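Heads up: the structure comes next, in structure tokens.
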Amino acid sequence: MNLGVIFGAKSFEHEISIVSAIVLKNVLKQGLKFIFCDANRDFYLIEQKDMRANFFSSGKYKNSKKLSLAKGGFYTHSLFGANKVECDVIINLIHGMDGEDGKIAALFEFYGVKYIGPRLEASALSYNKELTKFLAQKAGVKALDYEMLTRQSEPKFHYPIILKPARLGSSIGVSVVHDDSELAYAKDVAFEFDKDVLVEPFIKGVKEYNLAGCRIDGKIKFSIVEEPKKKEFLDYEQKYLSFSNENKVKEAEISEELKQKLKFNFSKIYDCGFDGAIIRCDFFVIDDEVYLNEINPNPGSLANYLFEDFESTLNALANSLPKEREIKIDYKFINSITSVKGSGKL
């Protein structure tokens, strides 16, 4: 199977997406087609040998073949016409805006392109942190209390609190606030990236666990459970470095009971429309209860480091994607009206 990877795009997480794509190139043994979307939303076909960070930061990518998106996939163009880039399935590896907000999913659906990634509705629900709270409630999964903050309003929670832009990942614009003296700056940072800011109580020392998975042939394939290294929280630079990880992580040393609880809650989230995607859910465990922290619909490097057999999982998912319902357009209704009217003026 020929797999393609689309990455980059007009997003605050553009550079993290580049790192994710480079990692995927190094992790997967099979050849991949790399499709770069730059900040102007122009598409380029990138050679494997050019998949280096400075190839993009220097602007050299502009010398690559330019692509257009049309029915069935991406195309190069020459004096002799258009040639389709041979990709059976394209992996959506765009982080943040354009990739996780549903834009690229909508384009792929419209043009009939098979892809690995969240569908439009799932993208919208997981991209916006407030909508994710509604999704968790609907799924019967616990989540922390929250409030939405405006520039003029003050948080009602007791300190410490955490401020998060509603539509960003990778810890961009996120701040932990311990007292009034830190609040104004944290608000300025968060509102620089989004007009909507979510506030949650910050629970120091809470247990955190990450679990990824996807549905293959009707059954969810789970990754191992990871317990991330403890810091107050992972900032952008630490997330950037974690996305460049090509090594498998150590499985969390937890009870079988807790492992099953995490899988049960993951399944309830995944069943809310994430078929066709590898997602990662980040959970808190408080007083033996599992709480959803956030959904990563396009996790860094597709969370390859959490799977013992990532390449076979990816290929199996590519063969188990949701199928769009076929709709036959036969114009029977119009023909029946015109035949009755007899004038043909409709």
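Every residue, even glycine, has its Cβ placed from backbone N, Cα and C.
Mean pLDDT for the domain 'ATP-grasp' (133-326) in the predicted structure: 91. Annotation source Swiss-Prot lists domain 'ATP-grasp' at 133-326, citing sequence analysis.
Counting every protein chain shown, the number of other Cβ atoms lying within 10 Å of the Cβ of Glu208 (ATP binding site) is 17. For 159-209, the entry in Swiss-Prot reads ATP binding site, with the evidence type sequence analysis.
Per Swiss-Prot, the feature Mg(2+) 1 binding site maps to Asp282, Glu294. Counting only same-chain residues six or more apart in sequence, the Cβ atoms lying under 8 angstroms from the Cβ of Asp282 (Mg(2+) 1 binding site) belong to Glu208, Tyr209, Asn210, Leu292, Asn293, Glu294, Ile295, Asn296.
Taken from Swiss-Prot, the feature Mg(2+) 2 binding site covers Glu294, Asn296, and the record attributes it to sequence analysis. Look at Glu294 (Mg(2+) 1 binding site): DSSP puts it in a strand.
Within the set of binding-site residues (Asp180, Glu294), the lowest number of other Cβ atoms found within 10 Å of a Cβ is recorded at Asp180. Counting every protein chain shown, 18 other Cβ atoms lie within 10 Å of the Cβ of Asp194 (ATP binding site).
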